[in-house]
Amino acid sequence: MTHLFALSELPLDEIHRLLDEAERFRSGRIWRPAAPMYVANLFFEPSTRTKCSFEMAERKLGLHVIPFDPERSSVQKGETLYDTVRTLEAIGVDAVVIRHHEDAYFEALRHAVGIPIINAGDGCGHHPTQSLLDLLTIRQEFGAFTGLTVAIIGDIRHSRVARSNAEVLTRLGANVLFSGPEEWKDETNPYGTYVEVDEAIARADVVMLLRIQHERHAETMGLTKEEYHARYGLTLERARRMKSGAIILHPAPVNRGVEIASELVEAKASRIFKQMENGVYVRMAVLKRAMEGRMEHGRMAEKWHVVQ
């Protein structure tokens, strides 16, 4: 089954294949399934970029998108995530994309459903497609990962982006630096070294800024937005100390004037909107992988045989 739960479960050669496939889609490749295929997007947390880019990717691939709104579904009547996914499988959906507030929600589904599941973010756990689009953006800029220094700055403890990126970047040969408030350090993450923010920015080839995950905090932030920006944000002054050729990434949504000065969001070094563009191509590659796996192993195999 071609699930995608976390990049840590994929070998590097498969990650490179997905990036190569995304580049082919960026260059204009067209792929269509041999027969109608259906996908449902189950987003139990707010999303703009991830949800819309998945929908764009699905339509570019010619897939049929089944509307699903948790607020108007039987989830409101107490239906479990498992029963929701099994229902969609039973009515003929070929794959589901899920964002959920619970860490590792997919473990209850991994061996229990017969259709591919694509993780669009699980709590503080993993965000594999965000990491893939970040990798694609970095590779477009530098050509490779070995020897690069990537500084991940901000709310490390609560960030699934930090967790996913640090692991895969380390496997790819990059040097990962962490920086941020002491109370948001993640001492359980072995894939980076903590340094002061000024050092991280000065050393980095890639400055990756993180949104403060207010919705995951048990307590409110002890700093005002202005204080956070001054202490930990990418200010105009800090940006002037970046290496020549260094780039700025941010998974968005961006809080202008908090983790990054508003003037830097679309500055020459910023690749923030390039990341969003790449997100469509990466998700096309991931969906193609899921659908081809479905053709080989699931209900679609029978359809495929019939239409030959």
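The backbone N, Cα and C atoms fix where each Cβ goes, and this holds for glycine too.
Taken straight from Swiss-Prot:
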type	residues	note
BINDING	Arg49, Thr50, Arg99, His127, Gln130, Ala252, Pro253	carbamoyl phosphate binding site
BINDING	Lys77, Arg160, Arg211	L-aspartate binding site
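Take the Cα of Arg211 (L-aspartate binding site) and measure to each of the binding-site residues Arg49, His127, Gln130, Ala252: the nearest one is Ala252.
Ranking the binding-site residues Arg49, Lys77, Arg99, His127, Arg160 by how many other Cβ atoms lie within 10 angstroms of each Cβ puts Lys77 at the bottom. Taking only the Cα positions, the spacing between Lys77 (L-aspartate binding site) and Arg99 (carbamoyl phosphate binding site) is 19 angstrom. Excluding Arg49, Thr50, Arg99, His127, Gln130, Ala252, Pro253, which define the carbamoyl phosphate site, the same chain contributes Ser47, Thr48, Ala120, Gly121, Val161, Pro251 within 8 Å (Cβ to the Cβ centroid), listed in sequence order. Counting every protein chain shown, the Cβ of Ala252 (carbamoyl phosphate binding site) has 18 other Cβ atoms within 10 Å. The two recorded residues, Thr50 (carbamoyl phosphate binding site) and Arg160 (L-aspartate binding site), have Cα atoms 14 Å apart. Around Gln130 (carbamoyl phosphate binding site), the same-chain residues at least 6 positions away in sequence with a Cβ under 8 Å from its Cβ are Thr50, Gly121, Arg160, Val161, Ser164, Asn165, Pro251, Gly279. According to DSSP, Arg99 (carbamoyl phosphate binding site) sits within a strand segment. Following the DSSP three-state reduction, the secondary structure of Lys77 (L-aspartate binding site) is helix. Among the residues Arg49, Thr50, Arg99, His127, Gln130, Ala252, Pro253 said to bind carbamoyl phosphate, no two Cα atoms are farther apart than 16 Å. Taken over all pairs of the listed L-aspartate-binding residues (Lys77, Arg160, Arg211), the Cα spread reaches a maximum of 33 Å, rounded to the nearest whole number.
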